[in-house]
Amino acid sequence: MNYKKYFVIGCRLICYIMLLKYMFALLFPFLLAILCFFILKPLIDRVQHKIPLQTSAIGISLLLMIYLFFAFLLAIGFMALFSFAIKFFQMLPVYYDSVFLPFMNQLTGSFQQVFLFLPQDIIVIFQNWIHQNIFQAISFASQFIQSIPSFLFSFFIFMISTFFFMLDYEDMKSCFLRFISHQTYIKLVQLKNHVLKSLWIYIKCQFTLMFVTFMILWIAFMILDIEPALSYAFAISLLDGLPFIGVGIILIPMMLLYAFQGIYMKSLYLFCLYILINMIHQFLEPHIMNKETKIPAFLLLVSMVVHIHFFGIVGIVLSPLHMSFLYQYFHQSQDLV
């Protein structure tokens, strides 16, 4: 056995994991900019065959069109959110008198009846648990607010770096090729193609899960008489397709709203629906990835849990990319039986 080869691979893997663990947040805007360029590269080449312009000019034009499109969608979203906020604050006194206050009075009365039959120690433990969770919620909200400026800065760096990478790609490529061998260049191209292929498989998987989520929500909302069922199901399924957002961002506030209104059964059904969708996701995602990448579903599930533990919510995206690359590497080298 070639122990030197395994030692080199192990050292590279450890260095990569350490770099990813401690430098990922810093390098993420630049990595995303490079990935964005190579995703647009086939479209740029196709346009270049029809319109004889430089790659940088076509890339920057496409990038500006994409930025304008997303800015338009963002403006519509902010306008809708602003309109909803105005209506909500206008109706807030009505909601407080007719919904929130009766709910709190009913909840307080129920707690008083229950606490009459509970030992004092259990009541103290329950109060401490409530205080601890309130403190954790406040701490989480504070951390989230503090992370907004860094997120906006990273997003700004991503936009600028994508623009400059488009502009200077050919010069950087020619300079880079002078310092590496042809064999290394071929390996880097294969790595790039494999990452793009894995990312495309992941996107197809997310679209499939979005469709399944849409059908489940549409049927459930029609049964629960939540109108307009089609629009709500479509909007929530779109949010479910985003890596760091799920159906809970809409379903959980809906559950609380129905609970405040005293419609407890509908709130309970929405909670069961939320649990059902998450269970289906956990079952279907490894199965779909296994069908596309031919990787055993068990290994995909283990990889997802490990990546989420070490890298947080970003591990949801990193897991299929890493697992697909490692599995095909060892499978092609026939080191695993």
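Each residue, glycine too, has its Cβ placed from N, Cα and C.
What TrEMBL lists as transmembrane segment is 20-40, 60-86, 150-169, 199-224, 230-260, 267-284, 296-318.
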- request: With the transmembrane segment (60-86) as the reference, find which of 20-40, 150-169, 267-284 contributes the most Cβ pairs under 8 Å.
  value: 150-169
Query: Which residues, given as numbers and ranges, are at least 6 beyond the ends of the transmembrane segment (20-40) yet have a Cβ under 8 Å from it?
result: 59, 62-63, 154-155, 157-158, 161-162, 165-166, 169, 192, 195-196, 199, 310-311, 314, 318
